[in-house]
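Student: So TrEMBL says this about it:
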COMPBIAS  97-110  compositional bias 'Pro residues'
DOMAIN    13-469  domain 'Major facilitator superfamily (MFS) profile'
REGION    90-114  region 'Disordered'
TRANSMEM  12-35  transmembrane segment
TRANSMEM  158-181  transmembrane segment
TRANSMEM  187-205  transmembrane segment
TRANSMEM  217-240  transmembrane segment
TRANSMEM  287-305  transmembrane segment
TRANSMEM  325-345  transmembrane segment
TRANSMEM  352-372  transmembrane segment
TRANSMEM  384-404  transmembrane segment
TRANSMEM  411-430  transmembrane segment
TRANSMEM  442-464  transmembrane segment
């Protein structure tokens, strides 16, 4: 009886979509602080320590080194008593293998070495982060068509299975190649989850005002994932290890799968009763293109920050690992507030006006990011950025559904595939070009370019103020 009631409940469908978006975006951002430092530690420091150990291998007895360096070169695999040290160390025994002195990581307060390596890493990390969105970009239109044919339940469950596999791969990947494959696989799972999830919400909430509120709450799940991901990843990586945050997410994904099996009906094929408008027809609609452009450019700002900000902080602020994720915390908190607040307010003040103001604030916030001299200087710009993107997203997602109701057939798979493509284009173009631009002209200029683009695009939202109805829909 409870399952039968749950399957007809709008709120439980909203819970399923909320949790799916939460996990997807936690996995999206949990890697942001982990990947740059993990690659630096394994590739740069690993290579340097092996070179150093090859150079410092020769004769132990002739060396007159300070006590702590001689400790490393004197020990071998047998148990020895250390002499000639402080009284606290006399008689201490050890069986550890030798470790070269140069293999110890740089102190937390000091800047990492290897400027050239970090400059190249900007591009590699950017491409790795962009791979998810690029794959999602390719898969989205097919998922839109699939949901029109077989309904939303099966694609939603397929998304969960792929996301679980991707999370487990992240946990056990030790090289750049495997991390890249795991990130690309996440793009496929994310495409199924987000297109099917948003389409399902739009079909369950038929009233425009209710739909706006539901989209705001669902995007709150996306925001919460972004909010928790980066700080959770940096703290767990620093104190527990690389695999730990991914194993926690894999366990949460299993719970989400169980929830989907209860609430949804992944075995039931339920094609749409009416044929949806083709994707190419929707792409020729200028109003849908304006809304998609607003989603793309506003999210491109934060997408460019993800790979470049942690490396810029390592170079200019000498930030320890845990700070690299914490820098995104203000943006995530304000995004969470923005999506929930403007899910309701945007309908009253006009969604077009809400997104216009949001894009202008995104631009101004991005221009202020390079002015920060330490992590505290990033709080203001990042808070403004998160709040403004929340304004744009919570306005544009319901507008997409409204435009289809107003000007096309009320079938939502394809239009939310376009919305997700726009979102992904921001997260594909942003990191892939951001790393290259930083290497060519520097991080401050990157922020100026994307900031100006957002401010220049903002006035186009005025066209969404009162979109005309197609004649046959009047």
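Each residue, glycine too, has its Cβ placed from N, Cα and C.
Heads up, TrEMBL stuff is auto-annotated, nobody curated it.
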Student: Find the member of 12-35, 287-305, 325-345, 352-372, 384-404 that has more C-beta pairs under 8 Å to the transmembrane segment (158-181) than any other listed stretch.
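Tutor: Top-ranked stretch among 12-35, 287-305, 325-345, 352-372, 384-404: 12-35.
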Student: Can we call the transmembrane segment (384-404) and the transmembrane segment (12-35) in contact, meaning three or more C-beta pairs below 8 angstroms at a sequence separation of 6+?
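Tutor: Not in contact, no.
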Student: Using a threshold of three or more Cβ pairs below 8 Å, and leaving out pairs closer than 6 in sequence, do the transmembrane segment (287-305) and the transmembrane segment (442-464) count as in contact?
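Tutor: Per Cβ check, the transmembrane segment (442-464) touches the transmembrane segment (287-305).
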Student: Looking only at residues six or more beyond either end of the transmembrane segment (187-205), which have a C-beta under 8 A from one in the stretch?
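Tutor: Apart from its flanks, the transmembrane segment (187-205) reaches 10, 13-14, 16-17, 20-21, 24, 28, 131-136, 139-140, 143-144, 147, 152-153, 155-156, 158-163, 165-166, 211, 214-215, 218, 397, 401, 412-413, 416-417, 419-420, 423-424.
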Student: Going along the chain, which residues at least six beyond the ends of the transmembrane segment (411-430) come within the CB cut-off of under 8 Å?
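Tutor: Distant Cβ neighbours of the transmembrane segment (411-430) are 129-130, 132-134, 136-137, 140-141, 143-148, 152, 187, 191, 194-196, 198-199, 202-203, 272, 274-279, 282-283, 288, 291-293, 295-304, 306, 396-397, 400-401, 403-404, 450.
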Student: Select the range from 217-240, 325-345, 352-372 that forms the most Cβ-Cβ pairs under 8 Å with the transmembrane segment (287-305).
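Tutor: Of the candidates 217-240, 325-345, 352-372, 352-372 scores highest.
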Student: Under 8 Å between C-beta atoms and at least six residues away from its ends: which parts of the chain pack against the transmembrane segment (217-240)?
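Tutor: Residues packing against the transmembrane segment (217-240) from afar: 14, 17-34, 37-38, 197-198, 201, 248, 320-329, 331-333, 335-336, 338-340, 343, 390, 393-394, 397.
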Student: Pop the mean pLDDT for the domain 'Major facilitator superfamily (MFS) profile' (13-469) in here, whole number is fine.
Tutor: 77
